[in-house]
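Novice: Quick one: structure below, then a few questions.
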Amino acid sequence: MKMATPANPLRDPNTLSNYNKFRTVHTSVNFEIRFDQKRLVGNVIHRLKSLTNAESKEVILDSSYLEVKSVKVNGEAAEWQLLPRFEPYGSPLKISLEQAIPLDELIEVDISVNTTEKCTALQWLNPEQTSNGKHPYMFSQCQAIHARAIFPCQDTPDVKATFDFNLSSPLPVIASGVPVKQDASPPQSSGSIYYRFEQKVPIPSYLFAIASGDIAQAQIGPRSHVAVSPDRLDECKWELEGDTERFLQTIGNIIFPYVWGEYNVLILPPSFPYGGMENPVYTFATPSIISKDRQNVDVIAHEISHSWSGNLVTNCSWEHFWLNEGWTTYLERRIQAAIHGEPYRHFSAIIGWKHLVDSVERHGDTHEFTKLVVDLKGKDPDDAFSSVPYEKGFTFIFHLENLIGKDKFDKFIPHYFTRFRGKSLDSYEFKSCILDFFASDEESHVLLNKLDWDSWFYKPGLPPKPSFDTSLVDVVYELANKWKYISQSSFSPKASDMDGLVANQIVVFLEQVLLFDNPLTPEQSRFMGQVYNFAQSQNIEVSYLYLQVGLKAGDDSIVEPTIKLLGEIGRMKFVRPLYRTLEKFNRDIAVDTFEKHKNFYHPICRGLLEKDLFGDKGA
């Protein structure tokens, strides 16, 4: 029997901490949220366990752009220093211990710390950047390596700890823990109120999350609430209450029941750079999923799936990110299949394949970042962010399902998530796990051992394309083909062409139009927008593609709505392709638009847009 590869104690290259000497087991975060200073001020207390038998007299934690005031170890002042900054990983905090610590003994490290204006994990919004314009707002985004910019920590997904949060703010607070019911505390002299949260399931640092602003909540299921600006509460409640509990029950039947207690969704202001962030208990989500037609809630199916894949069973480093995102994309599509039927799973996978092709073309098919297992030594994991870990990861897991058969693979799924529950793993442990599980099934064992694992893990570019059920895309391809040859045919577009199509089918239609060797003329593009009502669509998944069709067609009338949209949404899925297309249309307009809106964007998004537009030198 093949044995699992032993874990390398330093298998995460994107941390400077000595987490092979000490391991965080619990963290208490105590912060005052100061909107006037755009700072978090307070302290963090780590309980650390010694992994060696008195071999180390120092604790090294990740930190980045922090103001450290003091450090105590077991209640006594300790010597400490911030080491020189090492890009892109920050300035390690070295804490000296008076004596080495015996194996398994615990120490308590208390660090007084403030965030600074250079913090890459927090975005502070002025009232005018929120939907109702009444109050300021702040939120965190710690994935991949930004928790170290909020407090010193072992900022690696290879370490998991329980958390408690003690936070004070003049505005309501959300955090990635279960709210602790408490007597209403009177406002402090500063006008702030205390909020407490507990996370009893151990989580990695990148799942630490806080937000504060003008936030109201409404129930969307028996264990779920939506939290959002009060002016958007009713529309968000309607958008999410139809599917959230159904998603939770569906995936619970595939793996095992949900373990986190509550599942809630925080709808953030529009500058949030991602579709969703799977922070435990409270998914942080983009307002772009609120399309007023319940057609964009696949994001919620994805984030709910992370409650098992990523949050409970975690990649040990960002080099193995596909273990988080490939599995989650696979599970999201299993939810879709259970609810909408198997053809819809294939339809979603066809859309995903297109995104994978786009990412590989953009990077180049020999690029390191098109591999399933990537080398991130000395690199910023944010730079590797693309659809590759999602869609190449999905394709691999889908291939495994088809290789050994769905019924057999379905028995492996709960085994895998039970085996690594609460743990972090790498790709080689995953391989060993599935080989071990099917060791007594001769047919499956032979197939899995014949599989070219090295090609799947390390070969750049596109993997073999699966055989998909195309029934839901064939009608769309046919319509796109009519538009492709519209000048040479009698085809007369009508609004009824869209009858019976869901939003994702319209997305595929527009993606096909964008692939035309000969773009539409400006007149044809405008006519498409009018007859199909794309120009007025409230669904951003549709409108951002239609704007690209117009820009490729050279339609000047599209420029103004493109600039407008780029100032209203900060989700990278939309703004990065739009800027690329706008730059090809008119680079000066693209650069001017970025300069106008750059302070609206989240620091992660802003940094990647600078690289897209100006190269590695930035603006």
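Positions of Cβ are set from backbone N, Cα and C atoms, glycine also.
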Novice: In Swiss-Prot, the Zn(2+) site includes H302, H306. Which of E325, E342 does it also list there?
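Specialist: Within the candidate list, Swiss-Prot flags E325.
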Novice: Can you see whether DSSP assigns G276 (peptide binding site) to helix, strand or coil?
Specialist: strand
Novice: Out of Y274, Y390, which of the recorded positions has the smallest number of neighbouring Cβ atoms within 10 Å?
Specialist: Y274
Novice: Including all protein chains shown, what's the count of other C-beta atoms within 10 A of the C-beta of E278 (peptide binding site)?
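Specialist: The Cβ of E278 (peptide binding site) has 25 Cβ neighbours within 10 Å.
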Novice: Which recorded positions (Q141, Q143, Y274, Y390) fall within 10 Å of H306 (Zn(2+) binding site) by Cα distance?
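Specialist: Candidates kept after distance check: none.
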Novice: What is the number of other Cβ atoms found within 10 Å of the Cβ of Q141 (peptide binding site)?
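Specialist: Here the count is 25.
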Novice: Take the Cβ of H302 (Zn(2+) binding site) and count every other Cβ within 10 Å, whichever protein chain it belongs to.
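Specialist: If we count other Cβ atoms within 10 Å of H302 (Zn(2+) binding site), we arrive at 23.
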Novice: Measuring C-alpha to C-alpha, could you say which of the recorded positions G276, E303, E325 are within 10 Å of Y390 (active site, proton donor)?
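Specialist: Taking G276, E303, E325 one by one, the ones whose Cα falls within 10 Å of Y390 (active site, proton donor) are E325.
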